[in-house]
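So the structure is just underneath, and the comments pick up after that.
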Amino acid sequence: MSGARSVVVLRQFPASVLVLAAWIVFSVASSEAQLEVGFYNSTCPRAEKLIRTVVRAAIRRDPGNGPGLVRLFFHDCFVRGCDASVLLDDVPGSTGTVEKMSQANNPSLRGFGVIGRAKRVVERRCRRTVSCADILAFAARDASFVMGSGIGYYDVPAGRRDGRVSNVSEVLNNLPPSFFNASQLVASFAAKNLTADDMVTLSGAHSFGRTHCATIAFRLFPRLAADMDVSYGRFLRRRCPAATGGRRDPVVELDPVTTLLLDNQYYNNVVAGKVPFTSDATLLTRNDTAALVGLYAGNRTLWATRFADAMVKLGNLDVLTGDQGEIRKFCNRVN
Ligand code: HEM
Ligand SMILES: *[C@@H]1O[C@H](CO)[C@@H](O)[C@H](O)[C@H]1NC(C)=O
Ligand SMILES: *[C@@H]1O[C@H](CO)[C@@H](O)[C@H](O)[C@H]1NC(C)=O
Ligand SMILES: *[C@@H]1O[C@H](CO)[C@@H](O)[C@H](O)[C@H]1NC(C)=O
Ligand SMILES: *[C@@H]1O[C@H](CO)[C@@H](O)[C@H](O)[C@H]1NC(C)=O
Ligand SMILES: *[C@@H]1O[C@H](CO)[C@@H](O)[C@H](O)[C@H]1NC(C)=O
Ligand SMILES: *[C@@H]1O[C@H](CO)[C@@H](O)[C@H](O)[C@H]1NC(C)=O
């Protein structure tokens with residue numbers, strides 16, 4: 001009797017140990033972020049509202065801050081994860097060593113000032129509580145909500161911690177350049193565990209904001225790229241005359257139709273060949289990506305819903321949590 005019972009106990013014991021061990025291995029090895037919606041409910045209940053107010057005001061002042069913040073979030077998450085490493089300045093005595101100095105970011109990234117302002121406002125209420133990485137994720141949501149058509153005020157899981165490292169050499173091998181073809185783009189997103197669908201969905205962010213002319217000059221001169229609509233190409237040539245570049249590099253809006261609206265117009269532009277980058281036009285060259293472009297072109301709410309989901313997924317990339325990293329006092333420098 002007691003022998004049978006001890007066998008049962010022995011059988012149960014290793015089983016529970018196994019479950020526990022598996023859980024520990026899973027928790028440690030899993031790249032799944034342990035972020036939570038309402039992470040600051042008790043420690044800084046007004047955080048998300050304060051940030052939204054700052055973002056709204058910044059967009060009212062200069063609508064370019066909206067696309068700026070969305071792109072800043074993408075460029076943060078693809079390099080070392082969503083750890084606000086893109087916000088760090090060079091330390092005194094070094095120049096060009098941090099992510100923001102990469103040619104992919106400098107001078108085109110914008111929105112740094114908005115994050116700095118949001119941080120100061122939040123810091124006044126709740127000292128050293130809200131990470132810059134979370135502020136950036138909230139701000140990208142707020143910008144998408146304010147300038148989006150049909151994009152709701154989606155929940156943003158939070159609890160990210162700020163990284164202490166920013167390395168300029170890690171930017172170009174993680175962020176896809178605008179001359180990539182569809183299979184290169186799919187691979188670049190796959191390296192971040194994002195699907196081809198995620199890539200197509202997130203590319204819809206090119207429905208607002210701008211590009212510098214130097215980036216697209218090779219698609220306009222000496223002749224128009226074969227995948228570009230001719231009248232759109234002529235329009236771009238007028239806006240981006242040859243031999244521009246340098247500090248006076250002009251800019252042109254990414255979406256010529258609804259320039260200040262984050263909506264599914266981008267997909268109609270792709271179908272029409274009225275998009276600036278190879279990375280946009282190339283979405284028509286694969287069955288799967290082309291099918292999704294067509295679907296989104298015809299259904300604004302479907303895209304808007306999927307975009308919000310994909311932004312949350314992007315925000316999970318390689319995050320620091322728990323006691324990793326730190327909560328920066330100033331977003332542009334480590335403590
Ligand atoms: C699929 C690969 C992508 C490529 C190759 C790419 C490339 C680019 C380039 C070259 C620019 C113009 C920068 C300039 O010269 O000013 C740009 C702008 C922009 N990108 Fe992307 N991008 C990609 C995906 C994304 C994603 C996933 C997002 C966000 C979810 C995004 C959001 C934006 C926004 C909002 C702008 C306008 C920025 C502004 O107006 O300041 N892009 N992108
Ligand atoms: C924070 O509050 C919201 C709304 O009451 C709730 O949905 C969420 O689960 C809470 N999150 C945490 C981490 O307490
Ligand atoms: C920056 O990244 C490059 C490429 O991964 C690496 O070789 C280099 O050691 C890094 N520099 C620092 C200071 O960590
Ligand atoms: C995409 O670019 C890669 C690298 O240049 C090339 O090997 C591949 O054939 C290209 N794919 C297509 C479909 O053009
Ligand atoms: C992608 O998933 C694999 C397997 O789960 C994991 O090892 C890797 O760290 C993940 N990469 C990223 C960037 O999340
Ligand atoms: C692409 O679509 C065409 C037409 O629908 C189909 O015949 C072909 O098998 C598809 N190719 C792939 C790789 O799915
Ligand atoms: C658009 O997508 C939604 C799902 O988000 C679906 O309910 C709706 O029927 C679709 N509309 C059309 C016209 O296909």
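Keep in mind that glycine also has a Cβ here, set from the backbone N, Cα and C atoms.
Curation plays no part in TrEMBL annotations; they are all automatic predictions.
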Candidate in Cys44, Cys77, Cys213, Cys240 joined to Cys126 through a disulfide, as TrEMBL lists it: Cys44
Residue among Cys213, Cys331 that, according to TrEMBL, closes a disulfide with Cys240: Cys213
Recorded disulfide counterpart of Cys77 (TrEMBL; options Cys82, Cys132): Cys82
Rounded distance in angstrom between the Cα atoms of His75 (active site, proton acceptor) and Gly81 (Ca(2+) 1 binding site): 9
CB contacts for Asp83 (Ca(2+) 1 binding site) [other CB atoms within 10 A, all chains]: 28
CB within-chain contacts under 8 A for Val79 (Ca(2+) 1 binding site), separation at least 6: Ser85, Val86, Glu99, Glu170, Val171, Asn174, Leu175
Asp255 (Ca(2+) 2 binding site) versus recorded positions Arg71, Asp76, Gly81, Pro176 - nearest by Cα: Arg71
Among Asp76, Glu99, Asp255, Asp263, which are binding-site residues, the residue with the most C-beta atoms within 10 angstroms of its C-beta: Asp76
Residue with minimal Cβ packing [other Cβ atoms within 10 Å] among the binding-site residues Ser85, Thr258: Thr258
Helix, strand or coil at His206 (heme b binding site) [DSSP, three-state]: helix
